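Have a look at the structure below before the remarks.
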Amino acid sequence: MQNQHDAFKDERDIQTDFKEKMTYSDYLGLDTLLNSHHPLSNHHDEMLFISVHHVSEIWIKQILHEVNSAIQDIRAHRLSTSFKKLARVSVIQDQLKQVWDVLATLTPAEYMEFRDSLGSASGFQSYQNRMLEFALGYKTEHVLKIYEHDPELRDTLQQAHDAPSIYDVSIQALAREGLPIDEDVLNRDVRLTHQSNESVKQAWLTVYRNVDQYWELYELAEELMDIEDLFQQWRFRHMKTVERIIGFKQGTGGSGGVAYLKKVLEQYFFPELWELRTEL
Ligand code: HEM
């Protein structure tokens, strides 16, 4: 049996000339990725603080990639193709949630050593998080003011804000299956957050009461539930981790801190999917 030593016995097998060839680092852009830590203090723990934000943003990027593609699938009547992507989103969300366990190892005393150097920088300004909220249907146009200093980014965000959410295209899918949906919901202004609607709730209730007949819509509903449930769990862990680290201090972004983070927990993306549970 070949052991590790044998595998490296003939050193001529090892690729060493990379003048004309792509390396692992080239392919992954590691120079940029690994040189993106710019601590503003000399404190040991600032590195962790930066890393957990980087990891989170990378996962949000992947989630956006999947959700936006799933929106196109649902729009184009390819529900089953969207399921694979949406299921992947939930697994990534699980990873995102675990970031809080790592961050919770940062004590208040450690964080206070470098918090002042953050100035007014805050996760509140995470534009990817806003794009994800828009894709899921929570539309807050007022936050776009934050990005006025960067017109190109602001335009990208405006487009994301103005586009139909995954819930809009899912409601259209209900109507396509012949389930009655109010015209004003089908033709609604998608730049606004969807408000709970009785015809949508009744349509989803029909799906849940006839799962064999509406299997794909039922599966879609449960995928959406997984995503919203995990999003809320992420928000909850964020809120509790923040309370653990800064208590009830004001946020660096200017909000009331934990009080604000508790408030956003009341926001629903897919309200009828939650409401129907009481009526089944
Ligand atoms: C010690 C660590 C952290 C503290 C103390 C903290 C604190 C806060 C506070 C107080 C807010 C409210 C806005 C403000 O006034 O600043 C906020 C918002 C936010 N934070 Fe954090 N945060 C931390 C880590 C993170 C991490 C790792 C992420 C990952 C991306 C993150 C993402 C966000 C997002 C997306 C918002 C906006 C939430 C919304 O508007 O619904 N935060 N954070």
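Numbering starts at 1 and runs along the chain as displayed.
Cβ coordinates are placed from backbone N, Cα and C, and glycine is handled just like the others.
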Among THR252, THR278 - the residue TrEMBL places in the same substrate site as TYR111, ARG115: THR252
DSSP-derived structure type at THR252 (substrate binding site), helix or strand or else coil: coil
Distance from HIS238 (heme binding site) back to TYR111 (substrate binding site), taken between C-alpha atoms, in Å: 15
Length of the line joining the Cα atoms of HIS238 (heme binding site) and THR252 (substrate binding site), in Å: 15
